[in-house]
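Notes follow the structure.
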Amino acid sequence: MSDNLALHGTTILCLKKNEEIIIAADGQVSHGNTVLKSTARKLRTIANNKIIAGFAGSTADGLALFEKLEVKIEQHKHNLLRSAVELAKDWRNDKYLRRLEAMMIVGDRSHILILTGNGDVVEPENNVAAIGSGGLFALSAARALMSYENNLTAEEIALKSMNIAADLCVFSNHNIIMEKVV
């Protein structure tokens, strides 16, 4: 990709509050400083809605990673942590996969994980993770709301946090899509 902005031009947020796990994404697809689409779907549910995933980066690369993750999840009997580690190893070592320009967040009832092409599988603290150009805005808002707004649900926190990120990040929009683990 010739433009580093295209790699990070989105916001993906995943959080767990009580027993509710939710992932949210904005709908904007940008290339450089141009908005190409405002209603993109960057999320997927896997394993009969037991696992949720979202990507930031190249669309084709993100979709390829979704497919690879689904295969790993089937191979490892829906064990998300093992599947994520195996995907990260392949992503880092495979000549083709190594060139993929994307990041992922995946989650289930036990884990929220960030996966990168460097082979990283990071389980963030505080049950909240975010990636993309608006990720730090969404992460900050979600952590603050989780600390001080005990009456909000995970879905309400995700929506408020994503809207704050969309207000601040020009590469994210207010067309928020969410998925839950069931």
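The backbone N, Cα and C atoms fix where each Cβ goes, and this holds for glycine too.
According to Swiss-Prot, the active site annotation covers Thr10, on the basis of sequence analysis. Positions annotated as Na(+) binding site by Swiss-Prot: Ala166, Cys169, Ser172.
Around Cys169 (Na(+) binding site), the same-chain residues at least 6 positions away in sequence with a Cβ under 8 Å from its Cβ are Thr11, Ser133, Gly134, Phe137. Neighbouring residues of the recorded Na(+) site, listed in sequence order and excluding Ala166, Cys169, Ser172, comprise Thr11, Asp26, Gln28, Ser133, Gly134, Phe137, Met162, Ala165, Asp167, Leu168, Val170, Phe171, Asn173, His174 (Cβ within 8 Å of the Cβ centroid). DSSP assigns Ala166 (Na(+) binding site) to a helix. Cβ neighbours of the residue listed as 'active site' (same chain, under 8 Å, six or more residues apart in sequence): Ala25, Asp26, Gln28, Val29, Ser30, Lys42, Ala56, Gly57, Gly132, Ser133, Gly134, Phe171, Ser172.
Around Ala166 (Na(+) binding site), the same-chain residues six or more apart in sequence whose CB sits under 8 Å from its CB are Thr11, Asp26, Gly134, Ser172, Asn173, His174, Ile176, listed in sequence order. Within 10 Å of the C-beta of Ser172 (Na(+) binding site) we count 29 further C-beta atoms, all protein chains included. According to DSSP, Thr10 (active site) sits in a coil region rather than a helix or strand.
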